[in-house]
């Protein structure tokens with residue numbers, strides 16, 4: 001996988017109230033989001049086709065990435081907060097109150113206490129006293145390729161879309177678009193005609209669109225049961241509470257920090273409702289690091305996948321194909337990202 005090349009496009013307004021318009025002329029860009037390189041070409045009816053075109057020189061092929069000197073991944077510490085990060089986690093947790101836990105649970109989530117004997121050995125489950133929590137959910141069809149979303153952490157409209165991603169348990173290739181970011185903001189203007197966020201591209205269907213509510217409706221119809229969750233169906237109230245949810249982390253995940261663009265997207269196992277994951281997402285956005293999010297809210301079957309993969313379930317969990325690093329622990333992941341990619 002390789003990160004897409006970048007084109008220099010004049011800066012356009014961030015938010016626009018105008019609805020999405022079909023382009024009067026074709027725009028061509030390259031998006032390489034999976035093991036098979038994918039070229040995106042937007043015309044009046046957007047279509048996506050396979051391409052082997054190489055990425056732009058803005059991603060330096062001469063740059064090599066390696067873990068910081070003497071780096072050693074930390075041991076996972078479930079439910080532990082490093083003392084110097086206490087207020088960061090507290091601030092990030094305010095979102096749970098304002099959004100009533102939206103993005104914490106997968107669609108159709110249910111849980112029940114059962115005896116330890118009912119959970120087979122090697123199967124992930126929470127333990128409460130002498131019992132275990134049996135969790136189930138109802139997920140729809142899975143997209144073959146990750147949905148591509150251009151967004152940034154400090155945007156309430158973007159948060160709404162990230163919440164439905166968690167509810168639907170779909171994997172997403174996020175292209176961060178912080179303010180003054182030189183790479184993916186211009187790309188959105190090239191693809192859609194304006195710098196407005198979020199912007200979604202579904203390489204499985206060829207659909208591309210702006211407008212958070214339209215994106216949510218599209219995703220639930222295509223990959224869910226067609227119903228929009230209550231807290232995402234309240235119009236202006238949804239947007240206001242999504243904005244209030246960011247109060248505890250005001251200004252984080254908004255502005256670009258000069259960084260080195262890696263050749264491959266990072267992979268992060270996380271979900272929108274976790275305050276520990278939010279802290280990581282802020283840094284990924286600020287450094288403008290493309291990343292595939294393996295959504296794993298409560299009820300996600302991917303919790304079992306991570307449990308088998310790493311021998312433990314805890315989020316966030318980072319896999320960096322550029323350095324080979326795999327690690328738990330949000331505070332240490334933040335330090336690793338800045339040491340490896342910040343200029």
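Each residue's number is its place along the chain shown, starting with 1.
Backbone N, Cα and C define each Cβ position, glycine as well.
Because the structure is a prediction, the values reported are computed rather than measured.
Per TrEMBL, the feature compositional bias 'Polar residues' maps to 29-39. According to TrEMBL, the feature compositional bias 'Low complexity' maps to 46-65. The compositional bias 'Pro residues' annotation in TrEMBL covers 66-77. According to TrEMBL, the domain 'GST N-terminal' annotation covers 145-227, 264-343. Taken from TrEMBL, the feature region 'Disordered' covers 29-78.
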Per DSSP, what is the helix/strand/coil residue tally across the domain 'GST N-terminal' (264-343)?
33 helix, 19 strand, 28 coil
Confidence summary for the domain 'GST N-terminal' (264-343), mean pLDDT rounded:
97
